[in-house]
Structures are given as structure tokens and as C-alpha cells.
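Chemist: Pasting the relevant annotations from Swiss-Prot:
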type     : residues                                  : note
REGION   : 1-307                                     : region 'Formyltransferase ArnAFT'
SITE     : 104                                       : site 'Transition state stabilizer'
ACT_SITE : 106                                       : active site, proton donor
BINDING  : 116, 138, 139, 140, 141, 142              : (6R)-10-formyltetrahydrofolate binding site
SITE     : 142                                       : site 'Raises pKa of active site His'
REGION   : 317-668                                   : region 'Dehydrogenase ArnADH'
BINDING  : 350, 371, 372                             : NAD(+) binding site
BINDING  : 396, 401, 435-436, 463, 494, 528-537, 615 : UDP-alpha-D-glucuronate binding site
ACT_SITE : 437                                       : active site, proton acceptor
ACT_SITE : 621                                       : active site, proton donor
């Protein structure tokens, strides 16, 4: 029986995995690892050195998912792929090269603590048990069926390093017991319970910052989660950095404010609850490792000193969010949602303000009326000033793609590229609105952010200029990401709701489909169905969409960094004809129905008669929302009929205001 394996491995758990495969009689055709980062403290075993000793071919490509590497791996005819602490996700085409399956060893008891740095996170969260899991690899990270698990107790004395050693030993034990059965096909697979899943992103040195307002128990867990060989928990003391390597919890805080030094021997600091005794640490990155009392002396601390940033009751600075296009459909709803949290200052610019009038009196909302193509100095200053930038300005109505293609390109690509470059210049996080249009005529059943092809029509079909402008900017942002830009791309799928457009926009043909259909009902003109109205879309309620976007802005645990996220409702798929029929049903039942003319019927129209010869439509557009579920813990909840009802009601009330205005003018 052939048991040929290709292995993706790093860390000394990667070494343990390779040793276990060899001991179980597997043939290792090749190993893929990472080159060590000279800026990283490599306290763990070297996979490359182990392979050199064992005479195993080893590679460290920048991208193992590149088609050339996939082709080379396929030629090895592996029965299995194994991933042991390899840091990159393996693509579906790569996973498919293994005839008997691909398997990953993860450092937690899945489905809990999916994602990065699970050994650190379980300590941060104060868990008393973790473990290792061998599971089948699928497209979604850490989501495949479980093959085997081994539990590991977490002692109060454990640090990230000691826990890592326990996990390494547990991994060796689990693989020793499981790999022979896997080779014989005698394994049982258990699907993961998604209701119990949790996901955590990567950790950085900045995550070790100590907030003395927190309970001492939380800070104790933080200290042991990031102590040596990691960068350590830290806070500022005057002009110095205090790095805490070990600590203990002491009951009570003597009624002192958080951050106040209760005593220097032992070095005891008051916390939001109880107090923390610092038993060892150092002053600054190049300082000596010292015990608590000597450390206090080095830092000039005395009883009653208050550590910087620890003033009692001091609230953290609100995150500054810059929304360009704040008066638009997404911009005004997102502003309202962020302001509800009271942890954001929202700065906005747009050429109008009708949709945000309800927000202008809010003390945390700051608006300037202006054009992004003119107010470049104001924009650059506010990008430099703010923490998060959302460039929402775009022409996003289909008729403009064929009527004004160059204007679409100038605004949607050229002007937005300037904004992205400012974000690069000032190292600011950008959340960029891509679009479901980038998928074009993709034939996948569900459009996937990471694997679906982006397919558009010929050059003479001008309608694709919007799609390719957005796609090109997506690619530019992705390339800047490789150079350090912090970004998230989100792709809305047919969001609908109040304030989507204006009826006046529909009168000149420059609106979304539902607004045009409502205008037909309001004015008693036939509802035009282009090319039969059989094109299907997945309609998403604005409340659902904004909730997902707000979670991207929150970016808990940095989970959205460098990600592309579809935001849509695959369960709300309907044709444009079905949309029109549901609109009509609700229109006829609406209390304001009597104020409008009789229904004039449906009329089939060729799309080119309205959009022009450069138009080309798409038959279906359904998102995969796996990334949104995994990263944001989000799913849409609003049914399409409710969304249609809310949208219809908004526009009918707008129409009633128009009727009242006309009556006033006629009475003069």
C-alpha cells in the first residue's frame, strides 16, 4: 500500500510531525517550509535542518499555491498532504493533488480557537484546557472533519513556551497513535460543530500593551501568554517602556486607582479589579532582566506613583473613521451605526448632505461638503489624522457604465487610487468597497473571494468598465498589502433599503433596479423588464450589510486584515421579474396605495434599448459568505420581502412629499 506524502511544516511541531511520519512508515517525497525571518525570535526547531539530516528534499517557496508549484507537487503523485504548523493556507487545487486526502495538525481543540496563535490565545482567555487536533483540510481554514484529538491541561504556572512544549509532545503522541490507522484507512471522521466554532487572528507585539483598567487576572493571563520568547506585556513609565516577564495576582487594590503603585517591594500595581505583583521584567528593550523591586528602583517608582496612561476613569480615544462619500447609501447608514457605539469619531465628506441631516447634530460626527477631486488637501490631512479610511465615492449605476464610461474610470479608479496612495503614505488602514460586479460572468454556483475567476466581456461592451476599474484597484491594493498596507476589501451583493437612491435619479435612469421599478409604480408607467427580467440577484438588507461592515471596522483581533469579504444574502436569490412581482404585491397592499395611478403592467424590453449597445448582463450573482461567517461571525437575517417592504415604504413617503410640494406650488 502506497503512503507517499508531501509535507508542509514549520516550527518544532513541524519537526515532530515529520519524525512521526517517518516512524509510521510514510514515504516523504518533499517538504515545504518557510525561510526563517531574521527579525523573529526563532526559539523552535528547524524543519530545514531536520530534512537536511534525513536527506529529504526541502523547499521554501514564497507561494506554494502558485500553479507551477502545484504542477510540480502533482507530478510527485502524493497519496497524502500533511500540514504541521505551516503558516500559509493551502489552496483547493493544491489540496486536490493528494489522492487520499490532505490533513492538518492544529494547536487547539477544534472547533474552538481556529485561526492563528491558538496557544497564545487560550492563555489570554484564561482557559484551563486545550489540545491538538488532526483534521481533514478543506477550503476554509481549520474547518474540516476531525480525525483525532489529544487534550492538554493548562496549569496556572504555564506560559506560552511551556504550553508550546506540552502541545509538541501531545502532537507527537497523537500522530504516533493515529498515522498507522490513517494509512490503513481505519479512521473515523467527525464533522465539526459550527455552533461551537471560534476564530482568532494573528497577534502582534502591540497586543501586549497593558491596560491597568482591566482586572488583574486578565493582565496575569496576558503576561504569561506573551512572555519570553515572545515580546512581552508592556506599559509606559515616564519615557521608558516597562516590559513585564512574570507576575502574580494579589487580592484587592487598597482602594487605589488603576495604575497606581501600591508598593515597590513587592512591586504591586493596582488594577481595575485586584492588583498585579510584577515579579520580573526589564526597562526598555535593551535593559537587564530584573526582579520586581530592583526594576521599580531602575524606573524611579515609589509608593503612590501613577503609571502613564493609567489615570482613573480615563476613557480610551475614540477611533477616527474617515468616510468619503458619507452621504451615499452605504456611507450614511454606516455612520449612523458607528455613532451608536460611542467609540468612533466619524469624519465625512460628500457633495451633498440630504441623507445625513439626521446625523449632523451628533457631537462625534464631523461633516464637510466637498468634492474628492477638488478638496485634495482636506482629504490628505484627514487621512493623516484618522485611523480608518473608507473611500466610498463611486459611480455605481449601470446606465452610467455605458453612458459615461470615462467618467466612471476617472472617479472609480483614478480618484480612488489617489486616496489609496495617501493611506500607503501615512500607514493608514483602508477598507475598500470592491463590488460583486468584479466576478462578472463567472460560472461558479457561488462566487468565492479566493478562488472564483473574474470574467468580463469584450472591449466593445463598455458596461464592464466599472467592474474592471474596481478589480484593478483591488489588485493594486492587494499589491500594496504585500508592502505593508493594512486593508480589507468588501464586496456588497445588491444591498437594498431606505435612502438607496432618489426618485429623481430614477427619472433620469441613473438609479438601482428597485428604485426604477418603484418609480414606475408611483407614476403609473409600465414596469420594464430588460431581456425578460430573468436575471437573478441575491438581495441583501442594508441593516444586514451594515452590521457586517461595522464588524470589519471593529476588526476584532485583526481578523479582517488583508482579507476579501463578500457581504450578501445567498438565501434571498430572486429574478428581477420576481422582484417586480413582490413589489407590486406589497404596493397594492400599502396604506398609501390610493394616492397613486393604476398599475400599468409589465413590459419586456431589450436591454440595449435602455442601456445602449455597450451593455451586457449577467444571469446570476450568488455569493459564498464563508469568509464573512468565519471572520465576522456574521450571517444575514432579514428576508427579502421585509427588505422590499421597507424600501418601498421609504420611496412612497418620498413620493408623497413630492405630491405635497406640487400642491403647494399650484396653490400659489
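Using the three backbone atoms N, Cα and C, a Cβ is placed for every residue, glycine included.
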Chemist: Among 116, 138, 139, 140, 141, 142, which the record lists as binding (6R)-10-formyltetrahydrofolate, how far apart in Å are the two most distant Cα atoms?
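Modeler: It comes out at 17 Å between the most distant Cα atoms.
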Chemist: What is the pLDDT of the region 'Dehydrogenase ArnADH' (317-668) when averaged and given as a whole number?
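Modeler: On average, pLDDT over the region 'Dehydrogenase ArnADH' (317-668) sits at 92.
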Chemist: Please identify, among the recorded positions 106, 371, 436, 621, the one with the smallest Cα-Cα distance to residue 139 ((6R)-10-formyltetrahydrofolate binding site).
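Modeler: Nearest in space to residue 139 ((6R)-10-formyltetrahydrofolate binding site), counting only the recorded positions, is 106.
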Chemist: To the nearest whole angstrom, state the Cα distance for the pair the residue listed as 'active site, proton acceptor' and residue 621 (active site, proton donor).
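Modeler: Cα to Cα, the residue listed as 'active site, proton acceptor' and residue 621 (active site, proton donor) are separated by 9 Å.
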Chemist: Do you know offhand how many angstrom separate residue 106 (active site, proton donor) and residue 621 (active site, proton donor) by C-alpha?
Modeler: 34
Chemist: Distance check, please: Cα of residue 140 ((6R)-10-formyltetrahydrofolate binding site) against Cα of residue 104 (site 'Transition state stabilizer'), rounded to an integer number of angstrom.
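Modeler: The separation of the Cα atoms works out to 12 Å.
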Chemist: Under 8 Å Cβ to Cβ from residue 142 ((6R)-10-formyltetrahydrofolate binding site), same chain, six or more residues apart: give me those in sequence order, or none if nothing qualifies.
Modeler: 104, 106, 110, 111, 114, 115, 135
Chemist: When you tally the Cβ atoms that lie within 10 Å of each candidate's Cβ, which of the active-site residues (106, 621) has the highest tally?
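Modeler: The largest 10 Å Cβ neighbour count belongs to 106.
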Chemist: Among the binding-site residues 116, 140, 528, which residue has the fewest other Cβ atoms within 10 Å of its own Cβ?
Modeler: 140
Chemist: Does DSSP give residue 437 (active site, proton acceptor) helix, strand or coil?
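Modeler: Where residue 437 (active site, proton acceptor) sits, the three-state DSSP reduction gives helix.
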Chemist: So of all those binding-site residues, 396, 531, 534, which one's Cα sits nearest to residue 350 (NAD(+) binding site)?
Modeler: 396
Chemist: Check residue 139 ((6R)-10-formyltetrahydrofolate binding site) against DSSP and tell me helix, strand or coil, would you?
Modeler: coil
